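Here is the structure we will look at, set down as structure tokens.
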Amino acid sequence: MGLYGVDEAVIPYNLNDESNWWHDINDSPLWQDRIFHILTALYGLVAVIALVQLVRIQLRVPEFGWTTQKVFHFLNFLVNGVRGLVFIFRRNVQDLHPEIVRHILLDMPSLVFFTTYALLVLFWAEIYYQARAESTDGLRPVFFTINVAVYSIQIAMWLVLWWKYIPVLVIISKMFFAGVSLFAALGFLLYGGRLFLMLQRFPVESKGRQNKLQEVGYVTVICSSCFLVRCIMMCFDAFDKAADLNVLNHPILNFIYYLLAEILPSILVLFILRKLPPRREVLG
């Protein structure tokens, strides 16, 4: 009986001791800096990949100007470059006042990330409707209208918070991010799914059919998943202090979230879309 009593006391003690590693890392300034520097390096890597691909495309087709493909890679470079800078100075960013400045620096790249991948949805929508011989004239105005609305609403909330800090408005702001992310995920499922089904109906012997099917299928799954992860995480962030991403003492959560919601999806999508456009034939 006494032996069992000792064992029962030791087991929860060991379990509790093993679970403390999460809190030990979160509360360690050394580990906080290490994780933020790892995130800086990963974002820097993605930014370099996007920039190299942009330069390659420009060298291949310089006469086409700023195509959708070029803008997509430029925005990827911009988002990841800014994220890298924020994380390398993460401790300094945390000390900025007023507090809303910190929220803007940490959250503005998320808005640009949305714009970057919404551009890919626009590109797919144009391909889909052109293949069905339907007009695409209204797609770009809708794209710009949605982006202007998203940025305007978020900036308006930031300005109110700058004037007066209202806790409930912080929750609304985070839920707004969650809603925008869900909207993006649905966009990928809708137009990625439509384009995938349309490509499946092409003759099997069609040139490049299988490669395009894989490209659209993989990118749809990756992007819809990453925006769903962002949506779910923002919901937790809004109502649970333990899920707050805008603090220094949650570095592990930051690492997992940004790895799954931005870094890995960006690397995979840039790899899948690495193919260069065909050279323009010069008639002479």
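Heads up, the Cβ atoms here are built off N, Cα and C, so glycines get one too.
Computed from a predicted structure; not experimentally measured.
Annotated features in TrEMBL:
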- 19-281: domain 'THH1/TOM1/TOM3' (DOMAIN)
- 35-59: transmembrane segment (TRANSMEM)
- 71-90: transmembrane segment (TRANSMEM)
- 110-129: transmembrane segment (TRANSMEM)
- 141-163: transmembrane segment (TRANSMEM)
- 175-197: transmembrane segment (TRANSMEM)
- 218-239: transmembrane segment (TRANSMEM)
- 255-273: transmembrane segment (TRANSMEM)
Range from 71-90, 110-129, 141-163, 175-197, 218-239 with most C-beta pairs under 8 A to the transmembrane segment (255-273): 218-239
Field: Same-chain residues near the transmembrane segment (175-197), Cβ under 8 Å, at least 6 residues beyond its ends
entry: 107, 110-111, 114, 117-118, 120-121, 124-125, 127-128, 150, 153-154, 157, 213, 216-217, 219-220, 223-225, 227-228, 230-232, 234-235, 238
